[in-house]
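Worksheet for the structure shown next.
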Amino acid sequence: MRHFFTGSFRKPREANWLIGFVLLVLVTLEGFLGYSLPDDLLSGTGLRIAEGVTLAIPVVGTYLVMFLFGGEFPGHDVIGRFYSLHILLMPAVIVALLTVHLFMVFYHKHTQFRGPGRTEKNVVGQPLMPHYTGKAGGFFFLVTGVLALIAGIARSTPCGTSVPTGPTRSPRAPARLVHGIPRRRPACLPGLGVHPAGRLHRQHGRAGPRGHPAHADDGRHRPVAVPGGLGHR
């Protein structure tokens with residue numbers, strides 16, 4: 001948001017903004033490479049999706065798949081190639097681009113909102129040492145203390161979970177947060193994390209939007225409530 005409202009994507013910082021965007025793409029790709037390395041069912045499904053997306057590229061899609069997998073899917077070279085990319089090539093590129101990115105931030109200085117005495121040649125604010133460092137350090141220890149207190153005395157499910165859990169149902173790290181929050185919802189709070197309007201429809205049997213029955217389990221039968229609830233969350 002700060003980049004948008006302060007215009008840090010404009011010249012002379014346009015090149016640095018593009019480097020930051022490339023870093024975002026590379027970090028996402030690096031995470032996908034690591035996700036694909038276990039060579040199990042989940043990673044195989046992700047690789048299959050990646051193959052389909054690559055095949056959809058006009059003209060060169062088939063050649064890219066053959067180059068990536070060393071033949072037709074799943075191939076015999078994909079794990080070795082992904083391992084080399086994940087631990088060697090991608091980290092080196094990310095570190096190099098991150099170094100250039102930080103140097104350009106230091107050279108061009110941070111963007112700031114317009115105000116008295118603020119120009120493109122200076123930065124108005126508190127110095128790093130000792131003011132900002134003290135505030136950031138105090139906030140760090142405050143957050144750490146609160147998290148330690150919660151971990152020590154609070155229970156995640158004081159009245160049981162709404163869905164039985166087990167070690168075999170744990171998803172991979174990228175989906176663990178999205179998958180785990182609804183499953184850890186306390187059983188005594190059946191409406192927590194659900195859009196209030198949708199909860200009223202389900203509990204009281206009222207008609208859904210445009211006359212659709214509220215008890216329908218398929219989201220396709222609630223074309224307004226489902227997108228509205230997702231947007232609200």
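Even glycines carry a Cβ here, placed using N, Cα and C.
The compositional bias 'Basic residues' annotation in TrEMBL covers 201-213.
Summarising the annotation, TrEMBL assigns domain 'Cytochrome b/b6 N-terminal region profile' to 1-114.
Marked as region 'Disordered' by TrEMBL: 201-233.
Feature annotation from TrEMBL assigns transmembrane segment to 15-37 (among others). Using a Cβ-Cβ cut-off under 8 Å and counting only residues 6 or more beyond its ends in the same chain, the transmembrane segment (15-37) has close neighbours at 3, 8-9, 43, 46-47, 50, 78-79, 82-83, 85-86, 90-91, 93-94, 97-98, 100-101, 104-105, 108, 172-174.
Long-range contacts of the transmembrane segment (49-70) within the same chain, counting only residues at least 6 positions beyond its ends with a Cβ under 8 Å from a Cβ of the stretch, are 32, 36, 76-78, 81. What TrEMBL records for 49-70 (among others) is transmembrane segment.
Here TrEMBL flags 82-107 (among others) as transmembrane segment. Long-range Cβ contacts of the transmembrane segment (82-107) within its own chain (Cβ-Cβ under 8 Å, at least 6 residues beyond either end) map to 13, 15-16, 19-20, 22-23, 26-27, 29-30, 33-34, 36-37.
Sequence annotations record features per position, and here TrEMBL assigns transmembrane segment to 136-154 (among others). Beyond its flanks by at least six residues, the transmembrane segment (136-154) meets no residue of its own chain at a Cβ-Cβ distance under 8 Å.
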Notebook entry, point to check: In this predicted model, what is the average pLDDT of the domain 'Cytochrome b/b6 N-terminal region profile' (1-114)?
Noted result: 83
Check: With DSSP, how much of the domain 'Cytochrome b/b6 N-terminal region profile' (1-114) is helix, how much strand and how much coil, in residues?
Finding: 83 helix, 0 strand, 31 coil
